[in-house]
Each structure stands twice: as C-alpha cells, then as structure tokens.
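Q: What follows is a single structure, and I will ask about it in a moment.
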Amino acid sequence: MTPKVFYISDGTAITAEVFGHAVLSQFPIEFEALTIPFVETIQKAQKVKQQINDCFITTGERPLVFHSIINPEIRNVIFSSECVDYDFLNTFVAPLEQHLGVQAKPLLHRTHGKSNHGYETRIDAINYTMENDDGQTMKHMDKADIILLGVSRCGKTPSSLYLSMQFGIKAANYPFTEEDMDNLKLPEALKRNKSKLFGLTIDPHRLHEIRQSRMENSRYSSLRQCRLEVKEVEMLYKKERIPFVNTTNHSVEEIATKILDITGLERHMF
C-alpha cells in the first residue's frame, strides 16, 4: 500500500512541504500526499486530526505528518492523532535558543507572508521575468540579473521563472530560432550585457522528443534540425565564452542551482 503523507501548517505549509519532500525524496517509493495549510484554530486542527485518524483506520498504518505549526495548542492536537509526527520547526528551535541565548518569538506567516521584507523583491523579479520571457522585448535587458540563452524548448522559461520566484532574481531569456542558424550571432542588446549571459543546452535526442510532443513530424521537431541547432548554439557559447549547462534529465531546481553555483548570483531568501 502507498504510504500516506500529510503536510500541515498554520501558515502556507510551504516550509512543511519543502522539508518533507527533501526527506522523502531519499526513498525509492511513491507517496500519496495531502497538503493542509492555514490550520489556525483548534476547530480546524480537530478536523485535521479526524482526517489523520480516519486514514489510519482505513489503511491500518499511521500516516506520516510533516508540519510547521507554531501555535502550541494546535500543535498538541495534531500530536494526539494516530500519526508518525515530524515537527520541523520545533526540532531545531529549542537547540538554537540554547546556542544563541535568545528566546524565539514566532510570528505566524513570517517566512512566506507579505510582511517579509523580500516580498516586493520577489514580485518585481517575477513581473520582470514574465515581461522579458522568450525575447518578447529587448528594451530592458540592462535591468536583468541574468539572461538565459538557448534553443526553443531547452528549459529557458521554467528556469527563469524558478529563479525569480524562488530567489527574487530578475531573469530574462532569449531564444535562438531555426531562422537564426544560418548566421548565428548575439544581438546588440545581448552584446551590451555579455557579462549577464548564461547558456542552456540539451541533448538533441531529448530535444527531439520534447518538440515531437508539441509539433509532431515537423522540420522544427526533426532530429536533424535539433542536432543542427544544438551544435550551432554550443559553438556560439564557446566562441563568445558564455558559460553554459546541459539541462538534459535535470529538474528545474537542479538547473537553477547549477546556474547560481557557476555565476555566483546572490540568492534573495524568503
């Protein structure tokens, strides 16, 4: 039977999800997960407790519960359910209080709420990235923190959005198209911002698979065209000394981490 998992919080549950995913990803099995945010009252906690207990009765196994609940009364209600409990925040808060000599003063939603000083930074970055996606405009490249380059469908847009949403980085991206291949070069707007350029590449066979699902049996999706574009773009990266990574079989999180590691871009943590 597939193990059941609950991610619970009196806030957004983002912290509980991130912690839980990081732990469970170490195990080569599938989990059935349910996220329950904003458990802010005893009444809501009692309902969640009943859900957990019902799950135990139905399956005969105690579900895993990852939570980041600040309110101790609400936390105790969840503790009393038939679950295997993993309390992310309080596991670390007490030792840190002792080490720092400072008592924690929890604020609900502090980590992901609007009150966070980085909220506007994140929103500005997301807006910038969406407005400068896929070379829609070249007018504001000077304002970018990074400009991702690559052929169509190599992962530019999801990587750009992840960088902006997760780290508040203004990430523009520019596509090299089929029409560019005869005389591939950097546009002037990119030349002016060469220090911000970062390339993405991909295995031609994987690119062929991705494009086939979008435009089957077209020149655009042919393996020959995919090989040509990847070859030409990689030659340009090397000629212009633009750093690049191969996105094949990597998640967007891994791609973004590689980009940050190579470029040394500042991460705005929220």
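A Cβ is built for glycine as well, from the same backbone N, Cα and C atoms used for every other residue.
Straight from Swiss-Prot, here's the annotation block:
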type	residues	note
BINDING	Gly150, Val151, Ser152, Arg153, Cys154, Gly155, Lys156, Thr157	ADP binding site
Q: Can you check which residues sit near Thr157 (ADP binding site), meaning Cβ under 8 Å from its Cβ, same chain, 6 or more apart in sequence, and list them in order?
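A: Counting only residues 6 or more apart in sequence, the Cβ neighbours of Thr157 (ADP binding site) under 8 Å are Asp133, Asp134, Asn173.
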Q: Cβ-Cβ under 8 Å from Cys154 (ADP binding site), same chain, 6 or more residues apart: which ones?
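A: Listed in sequence order, they are Leu200, Thr201, Ile202, Leu207, Thr247.
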Q: Does anything in the same chain, at least 6 positions from Lys156 (ADP binding site), have a Cβ under 8 Å from its Cβ, and if so what?
A: Asp134, Leu148, Leu149, Gly150, Asn173, Tyr174, Pro175, Leu200
Q: Within 10 Å of the Cβ of Arg153 (ADP binding site), how many other Cβ atoms are there?
A: 21
Q: According to DSSP, collapsed to three classes, what secondary structure does Thr157 (ADP binding site) have?
A: helix
Q: What does DSSP say about Gly150 (ADP binding site): helix, strand or coil?
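A: For Gly150 (ADP binding site) - judged by DSSP and reduced to three states - the answer is strand.
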Q: Output, ordered by sequence, the same-chain residues six or more apart from Ser152 (ADP binding site) with a CB under 8 Å from its CB, or 'none'.
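A: Expected: Pro175, Phe176, Thr177, Arg211, Tyr220.
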Q: Counting only residues 6+ away in sequence within the same chain, which have a CB under 8 Å from the CB of Val151 (ADP binding site)?
A: Pro175, Phe176, Thr177, Thr201, Ile202, Leu207, Cys226, Glu229, Val230, Val233
